[in-house]
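Chemist: This is the structure I want to talk about, given as structure tokens.
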Amino acid sequence: MEKFKNSSVSKTLDKLAVPAAPGLTTAQLMLANEDLQPVEPARRVWTHKNFIFFWISDSFNINTWMISSSSIVDGLSWWQSWLCVWVGYGIAACFVVLTGRIGAKYHLSFPVIARSSFGIWGGLWPVLNRAVMACVWYGVQGWIGGTCVYLMIRAIWPSWDDYDATGSKNTMPASSGTNTRDFVSYFLFWAGSLPFLNPAVHKIRHLFTVKAIVVPIAGIAFFIWAVVRADGLGPIVKQGSTLQGSALGWAIVKGIMSAIANFAALIVNDPDFARFARTPKDALWSQLFTIPVGFAVTSFIGIIVSSSSTVIFNVDEPVWSPLTLLQMFLEEPGVSGATRFGVFVIAAAFTLAQLGTNIAANSISAGTDLTALLPRWINIRRGSYICAIVGLAMCPWHLLSSSNNFTTYLSAYSVFLSSIAGVMCADYYIVRKGYLQTRDLYSARKGSPYYYHYGVSWRAYTAYIAGILPNLVGFIGAVGVTVPVGATYLYNLNFFGGFIVAASVYWALCKIRPIPACSDTWLEVDDDTQGIADGDSAACDDAPYGETVFGKGSFDLPKGALSMKTDIPKIKGLFEIPGALPIAGHLLELGDDHATVCEKWWRKYKQPVFQIRLGNTRAVVINSFEDCKRMLIGHQSALIDRPKLCTFHGVISSTQGFTIGSSPWDESCKNKRKVAGQTLGRPAMKTYLPMFDLETYSIVRDVVRDNEGGEAYLNIRPYLQRYALNTTLTLCYGIRMDSVWDDMLREILEVGSAISVLRSASENYQDYIPVLRYLPNNEKNQRSKSLRDRRDKYLNELLDKVREMIGQGVDKPCVSAAILKDEETKLTGVEVSSICLSLVSGGFETIPGTLTSCLASLSTVEGQKFQDRAYEDIKHHYPDMQDAWTRSLEAEDVPYVNAIVKEAGRYFTVSSMSLPRKAAADIEWEGAIIPKGTMVLINAQAGNHDVEHFGPDAGTFDPERWLEGTTPPRERLSSGLQHLSFGAGSRACSGQYIASRLLYTALVRILTSFKIVASKEEPPNTDYVDYNLLKSALVAIPRDFKVQLVPRDPQALAQCLKQAEERTRSAYA
């Protein structure tokens, strides 16, 4: 093996390898790459309109005409053929939404979804099946495109026919199945397509825009031309069917199945684009209705044009290909120049149609699949070229020699794909009941629930083969061998037969030999969160958690579960928002965005402080900046406590302890805040400078690598997410992950985001409506317990690694090591975990959220002046770029950058409604008494945009509000509370100093390195409310956008990167 590694073959293979994240094993490279990762929330942007437009565009292609027209050749009338289209594509749409929902719900592609049923390695065979289908289709569509090219040439030079099979200039033997004319036309189309396979997908979008305009116009023109040549629709629609009885019935069945077979590949790969849906609903009705309607319209044109041929040319058998009809126009005696010109224009438009269809539906699809098969050496671009080569080598002209051969081929391959779809749907909908563990779909460890036997599921393959077997005899008959008529009838239903048999056998085998990671009840896990319905119980407020309370024939709900009273009586002298409902209170009216609704109530009722009901919990909401400040600082001793909430405190935090910010006030919380304050103070920051240096360098390095010299538009958020998470991991544990797709790094992001959603009041009513905690099969509890277990696993692994490094004397400066080595702290293991958990869970969401949104505002036309002035101020304080890179680590010296940091924190309030407080003592407020135990909510979003404090422009992003002047910039002196994003008083955020340093350092390095320009096509949303993609989450998730990062001084930047690489080489290795 060592000899092979050093051989020339191995070195050649290494040179051919595509770029990949460093440090990944071969197995990891086989299971995860950029194309296979779950789609993160910021990229889930497809609405129902996107799906509608996609299918309208896809439906308009010549192949759709040919399939529907072939039913006319089989003897059906025009209306019978069209009925087959409606029924066939309607059924196909149902199968599409079945498989598409899996992708839309879990945001996974087909190659990953196939692993759940076929196994981690067994899933490669279904992917190969689809890749083969795409390659063959590439050849078929290419041959049709070649026919379009032939018509263009023939319209100009009629002598081109001298090169056909009977022509004097043909050089191709009869055994080849083609001739010089047709093959050269095909090769011209094939070769002309190759340059379009090279650019990245986003760079050829204009091709599809042109196609969407030109091709429908040409198709309608052809339709009108054919109808006019046939003297109107009358002679066409009067043509009846040539079949009767059972022959007619089975011809209709065959027509319906041909439409479904046309969708065989699309049925299994719909998750590839459904995964980009905002919600599963966006991918449901839009596809269910648009597919039959779009394809029916296109097919109608094909059917009428095909039927018109019998009238125009007085022939018995209709012309099933519209291109053959165009050729017949050219072959008419005395053909006019106008006809030749019309054929040329329509053929040119159809050439464009085939080019666009081949790229969108075949080359990219095959490239993605081949990437999944061999990600070490194949990317989408290389896979697309392999697809083109295979499409040429498989001699597509044999499939298109007649309509019978073409539909036979379609039916044959649909048998294989229908079995795959049957296994997939049975696995998801019947066996697992919608439950998937996303992380394990990327794991090849033997204990993984999808590893089965050596990575292959024998149940899935048994069912797959069983679905194919019933159709084998019928397939043999379809290619010319005499078989029983019953086998032929069964084969005519091949897709249904394959799907139903495969699904049934798979379900039966899983009943006999159950598989792991299944749910007893329907359990689709939202937002990539995973959970195992293990039936554990947990406790909160001394009540059973998640058990079925309707057992034993009784309704013995705990006292207060259905109470219509609040925990605290109505507070006299304090305005209460009207309209509270029994049991639910104001929860339903608050909806997903509590902060914005409360701010509107403030304006509507002119009451900055009021009381509301969250279920049976009474809460006081503070909205204006001055009232927030007065409450937090003036009553800080009374607001030092936090309420306990059932889901977060009672389940999720039951093992690792509460985070510092969410901990109720007790001795443990005091100790944790003291230690955190020491480790995050200014003296300790000096030991973390190498970590700041490394992670900010990594942002700029990777942007330079990916931005194509400043030409590409990038989504900056993933770089900043890694920056924040790696920073907090190294800060807490002295450990970092170099690859953005590292298993643990992905797990922390996924679990943390899921917990953030669960902590939100709008997503978790059971915290405020007790009866919901006792419902059977409580899905919230199952998810919470699963997330808790997964979080425990990685936290324990990280802490054990730190202990091991301490024992070996190789630990890095970090919070956990400092605590573990300081015996005087007297913290328990749970308290140590709690401190680290506080920093990790807080930092990876709030810092990238603030920094991403800040850069979004700076990239806009209005923000360019702020960006330019900040750059000038940086140059004023630092002599050169290298000086800026090094000195920004040590101190925050640039006033304008400091102003941007403050304004970003104020304007983009990433935690719009601050963590709830609990009154530890009675609070006197303007004549009213807020009783001890009352929940107090600080509406940070409303306070941060209070026009009475920040002025009439409080709703705009303006860093200069923090400056006294701009020539040169001078910071406005202020010793008071600047904004509410870090809180204030006794429970202010412990990490606000390090957060400011992280924001400052990243901004200085990014702004000195790049000029940031917003994309016009995917611009940022900078509205302080609407920028948040998921308003129900505890921490905002900025909407996706793209920016262009143009290097300001490429030579100086390259020198900075080189020096930073040397400087950070050994830091946190």
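Cβ coordinates come from backbone N, Cα and C, glycine included.
What TrEMBL says about a protein is an automatic prediction, not a curated fact.
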Chemist: Need the matching range: TrEMBL marks transmembrane segment on one of 135-153, 382-400, and I'd like to know which.
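Modeler: Per TrEMBL, the stretch marked transmembrane segment is 382-400.
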Chemist: Would you count the other C-beta atoms found within 10 angstroms of the C-beta of C989 (heme binding site) for me?
Modeler: 21
Chemist: Pairs 6 or more apart in sequence, C-beta under 8 angstroms, 3 or more of them: is that satisfied by the transmembrane segment (79-98) and the transmembrane segment (288-313)?
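Modeler: Counting Cβ pairs under 8 Å, at least 3, so yes.
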Chemist: Find the member of 288-313, 341-361, 412-431, 461-483 that has more C-beta pairs under 8 Å to the transmembrane segment (248-268) than any other listed stretch.
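Modeler: Going through each listed stretch, the top one turns out to be 412-431.
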Chemist: Are the transmembrane segment (461-483) and the transmembrane segment (208-228) close enough that 3 or more Cβ pairs fall under 8 Å, when only pairs 6 or more apart in sequence count?
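Modeler: Contact criterion not met.
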Chemist: Name the range, of those listed as 51-73, 341-361, 412-431, 489-509, that has the largest tally of Cβ pairs under 8 Å with the transmembrane segment (288-313).
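Modeler: Top-ranked stretch among 51-73, 341-361, 412-431, 489-509: 51-73.
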Chemist: Going along the chain, which residues at least six beyond the ends of the transmembrane segment (341-361) come within the CB cut-off of under 8 Å?
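Modeler: Same-chain contacts beyond the ends: 57-58, 60-63, 134, 137-138, 141-142, 144-145, 148-149, 151-152, 154-156, 189, 192-193, 196-197, 204, 207-208, 210-211, 214-215, 217-219, 221-222, 225, 322-323, 326, 329-330.
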Chemist: Are there residues at least six beyond either end of the transmembrane segment (461-483) with Cβ under 8 Å to its Cβ atoms? List them, or say none.
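Modeler: Beyond its ends, the transmembrane segment (461-483) has Cβ neighbours at 118, 122, 125, 408, 411-412, 415-416, 418-420, 422-423, 426, 489-492, 494, 497-499, 501-503, 505-506, 509.
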